[in-house]
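According to Swiss-Prot, the protein has these features:
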type	residues	note
BINDING	Ser27, Pro203, Tyr204, Met205	L-tryptophan binding site
BINDING	Gly237, Thr238, Tyr350, Arg369, Gly382, Ala383, Gly384	chorismate binding site
BINDING	Glu262, Glu397	Mg(2+) binding site
Amino acid sequence: MQKHEYVNPVKLYSAIRDEKFPFILESAEKSGRARYTYISFNPLYTVRVGSRTRVDGEVISKISDPFDALNEIHVKGLLVGYVAYEAVKNYIGKKPQTPSVFGCYDGYFVYDHYLRKLFSVNVENADKIVERAKRVEVEQVRGNSEVLRAGSREKFEKMVERGKEQIFEGEVYQIVLSREYVVDTDLSPFQMYLNLRETNPSPYMFLLEFDRALIGSSPETMGRVEGNSFIINPIAGTARREAGREKEIAEKLLSDEKERAEHVMLVDLARNDVRKVCRAGSVRVSRFMEVVEYPSVLHIESEVVGELKAGVTHFDAMKATFPAGTVTGAPKLRAIELIDEIEGDCRGVYAGAVGYFSENVSDLAIAIRMIEFDGKARIRAGAGIVADSVPEREFFETENKIARVLRAVGL
């Protein structure tokens, strides 16, 4: 490990972003989840898991579950990428339309923000890269953007009614339904990231410029393995933030029976997921129903922790909780089937997971508050539907969640 003079992370990323498969996983909020930032490029190899598993483009197996595929490859190094929500199609007898993609990196830069230090691990010409980064000028650009398509209020409210019908029929207790914006923009993924970093800083900021680019600011941990501990951070319960009224809004949010019921249901689901891979008696709720403030919304958050059973890999642990109950509903499998039926389109990466695996620590955020860019910017937001949901209210919840992400593309 080599120590370097501190340079702004976005300047360092800008200095390497013309290389292959560059990424930045950045902490942009002062919390326990906001200590480290990772930057790298030029992976040793890439892994794509769709209907088959490919390494550097070559088919190596017929495995279509990304967690099973990564277990089989026996990865050495830092594995960074995303598991597309579409991987859930494996659970309902369909083929994923969007592949899950990872790069395996043997060298990387890492920031420790508590110590305000920058290190490199096995990066060739690291000093030269850092010196080049010091000279980089980073400028935010608002750009020109146009909404090509947006999930209409009328359509979404009809979806909510269909979801409620399934709840009344006893199919599910809760279902999370989403809607999508498609935006034409002249902004680059990096420019969108700079804007999002300003408008919606979160514990999990990410920019992955792979075959498609992912630009995101997720508040929510899908799963984290640290040593032998497995941690899930369910977030459910949302209110729009208004300056000067945060305490009042938080109290109202915590006293809302619908929001409380939804949150408790998803904490129970998280406990069940953690129990699948953790020692009996080790699972506990370490934080329960705390209101956390974000730039545009307030969320109710909890944390579930357990100790992994012997022989459970990091990939096994993440598979146990994928996809997160907070983006599907409960019971999870039936909710997934109904989402496929009611939404009727491809979620892509949205509601999947983004992050990294390493030997000692692995950390995946839920792929929300994000832009998926493949020539057009695709932005989704969802709301949890329960028996007493009001369609109009659920529509505006999606609007509140998506507002700051739209600002990142100049809207």
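Yeah, the Cβs are placed from backbone N, Cα and C, and that goes for glycine too.
From a predicted model like this one, the values you see are computed outputs, not experimental measurements.
Just so you know, the Cβ of Ala383 (chorismate binding site) picks up 26 other Cβ atoms within 10 Å once every protein chain is counted. The closest partner of Tyr204 (L-tryptophan binding site) among the binding-site residues, by CA position, is Tyr350; the full candidate set was Gly237, Tyr350, Ala383, Glu397.
Here the C-alpha separation of Ala383 (chorismate binding site) and Pro203 (L-tryptophan binding site) works out to 21 Å. Comparing C-alpha positions, Gly382 (chorismate binding site) sits nearest to Glu262 among the binding-site residues Ser27, Met205, Glu262. A separation of roughly 17 Å, to the nearest angstrom, links the Cα atoms of Thr238 (chorismate binding site) and Pro203 (L-tryptophan binding site). All chains included, 21 other C-beta atoms sit within 10 angstroms of the C-beta of Thr238 (chorismate binding site). Spatially close to Arg369 (chorismate binding site) yet at least six residues away along the chain are Asn200, Ser202, Gly216, Ser217, Ser218, Pro219, Ala381, Lys401, Arg404, Val405, judged by Cβ distances under 8 angstroms.
Comparing Cα positions, Met205 (L-tryptophan binding site) lies closest to Tyr350 out of the binding-site residues Gly237, Glu262, Tyr350, Gly384, Glu397.
Measuring Cα to Cα from Gly237 (chorismate binding site), the binding-site residues that fall within 10 Å are Glu262, out of Ser27, Pro203, Glu262. Proximity note: of the listed binding-site residues (Ser27, Pro203, Glu262), Glu262 have a CA within 10 Å of the CA of Gly384 (chorismate binding site), given in sequence order. The two recorded residues, Tyr350 (chorismate binding site) and Ser27 (L-tryptophan binding site), have Cα atoms 20 Å apart. Every protein chain considered, the tally of other Cβ atoms within 10 Å of the Cβ of Ser27 (L-tryptophan binding site) stands at 21.
Cβ contacts within 10 Å of Gly237 (chorismate binding site), excluding its own Cβ and spanning all protein chains shown: 24.
Within the same chain, residues at least six positions away from Glu397 (Mg(2+) binding site) with a Cβ under 8 Å of its Cβ are Thr238, Ala383.
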